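**Q** Pasting a structure below so you can have a look.
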Amino acid sequence: MSQATKRKHVVKEVLGEHIVPSDQQQIVRVLRTPGNNLHEVETAQGQRFLVSMPSKYRKNIWIKRGDFLIVDPIEEGEKVKAEISFVLCKDHVRSLQKEGFWPEAFSEVAEKHNNNRNRQTQPELPAEPQLSGEESSSEDDSDLFVNTNRRQYRESEEESEEEEAA
């Protein structure tokens with residue numbers, strides 16, 4: 001199986017199905033990623049340990065700090081105590097909350113996590129006085145997309161007058 005085909009099936013599996021954790025599985029939150037496909041997680045009871053990412057998810061699914069996972073316990077591990085079995089997206093979290101499988105300790109964290117992802121990052125620009133006629137329609141750029149990853153340079157009237165005089 002080629003890498004592209006494998007990626008397609010893994011992504012389809014993660015995004016498509018809604019899974020319910022079994023008795024042995026746990027829902028955990030990612031705290032940090034120390035590397036080597038290991039992730040430090042915290043359970044709803046506050047217990048911290050390392051989990052490993054199976055090879056089918058490596059280079060196909062990316063896990064960030066604050067994401068939620070379903071993990072299977074590993075009995076022979078000292079430091080690594082579980083393996084990731086499913087990565088939960090916000091739709092999965094909502095369905096687990098509706099079905100009553102979501103831990104109460106993660107309820108507030110999940111709400112904050114969803115709100116931060118949905119929040120718009122565009123800063124509001126100060127409103128400029130409206131001009132009449134054609135000038136206002138040609139110079140009104142407030143409905144255009146603003147790239148927040150770039151610096152915004154503002155020209156003062158003095159600079160523009162100096163450029164026109166030269």
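Yeah, the Cβs are placed from backbone N, Cα and C, and that goes for glycine too.
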**Q** Pick from 6-12, 20-26, 146-152: which stretch is listed in Swiss-Prot under motif 'Nuclear localization signal'?
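**A** Here Swiss-Prot associates motif 'Nuclear localization signal' with the stretch 6-12.
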**Q** Among the residue ranges 46-55, 56-65, 86-95, I'd like the one that Swiss-Prot describes as motif 'Nuclear localization signal'.
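**A** In Swiss-Prot, the motif 'Nuclear localization signal' feature sits at 56-65.
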